[in-house]
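Annotated in TrEMBL:
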ACT_SITE  134  active site, proton acceptor
BINDING   142, 145, 167, 172  Zn(2+) binding site
COMPBIAS  450-464  compositional bias 'Basic residues'
DOMAIN    27-267  domain 'Deacetylase sirtuin-type'
REGION    437-464  region 'Disordered'
């Protein structure tokens, strides 16, 4: 989990067992168990997955209770671990993306997560098929109308407190709240009710990377037992629920799931991270009407004052370099003020230099400017444009593509707003490298090659 999240939690003396020993099934036993698990999943009618911090450790996010977990090190008085990536740039693991494929194939019906890292939503799991019991560090919610806002930055508070932003619905405008629970907060009914419902309906509840210690969440999988359902636990540590399980697997979650996906002949699509920003140009005539005073702003689509965490700096240049002076913007908010003649048309070249954790160093966006032309608004099919971006990124297996997805004009003051979608990360997976032999983390971004047999999510005939 985020080290910042752990530090924001209220202090309590007893956080349960920590520093728990890890166990590993032998390769022969592990393979037999993977085959049993694949068969149980393949035969299931209502599969529910229950996830914990262990599915995100391969994403560079430390867990809590493992030998090098946050609470383990805190109790031992040792320095906390360092995350390999900024929390907001963490990418879904092979397990996250495999669950997406299982959902698309109609096998996985629902996910219950104790994690606050937002990686299930980033992976592509539909919100209506996900219960986030402890909240989401990247989510804000309007307490008045219930609208949720999934952010590209970590929300600054936890404990269901008010944040610095408001609901964007003009009829509402209420102050937003974070969604992450502190110790004393009760599990939200909105998440618990569907979680309980699906556990009761489940014939298989697959618990991945969780010590099953935090109540009442840890008791949810048990609800399937009354209806004849089975519990499977995949975790490196022993759990209090092991005796209730039909199958307990001690192995890396990614390795186990990779083996299952191979046996089910399901291929895992790459993860493509899409980030959004807006380019805003506001103009006004000078007092003598000889010039246009204009202001360029590059901002978050989430709110004008929200951070753009994936942008380090912006280099601004122009097609006519002799007439217009270039600039480098280092500080947020990214603003540039200039004055030009009203009749002049030119093009602004924005080189966006990305921050740590992005898959490529920079991209360029071209912004045409013509103050004499009356610009019409247009709103492209956002989902289609983003899907096309993803397909191009997967085809090239590199990031850096971008597309204009919306453009609107505000008359007073005269302002043009252009929303852009950017491919800032891509991560490909080869489940064969995980299921055959030693665990190997998939390489992250540009230049990664995938197997030629990859079908990107197409379901093939099962081996069972």
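All residue numbers here begin at 1 and follow the chain in the order shown.
Here the Cβ of each residue, glycine as well, is placed from N, Cα and C on the backbone.
TrEMBL does not curate its annotations; it predicts them automatically.
Structure coloured by features recorded in TrEMBL.
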residue : record                       : Cβ neighbours (10 Å)
134     : active site, proton acceptor : 22
142     : Zn(2+) binding site          : 20
145     : Zn(2+) binding site          : 12
167     : Zn(2+) binding site          : 20
172     : Zn(2+) binding site          : 13
Which of the binding-site residues 142, 145, 167, 172 has its Cα closest in space to the Cα of residue 134 (active site, proton acceptor)? 142
Name them in sequence order: residues not among 142, 145, 167, 172 whose Cβ is within 8 Å of the mean position of the Cβ atoms defining the Zn(2+) site. 143, 144, 146, 147, 166, 168, 169, 173, 174, 176
Limited to the domain 'Deacetylase sirtuin-type' (27-267), I'd like the whole-number average of pLDDT. 92
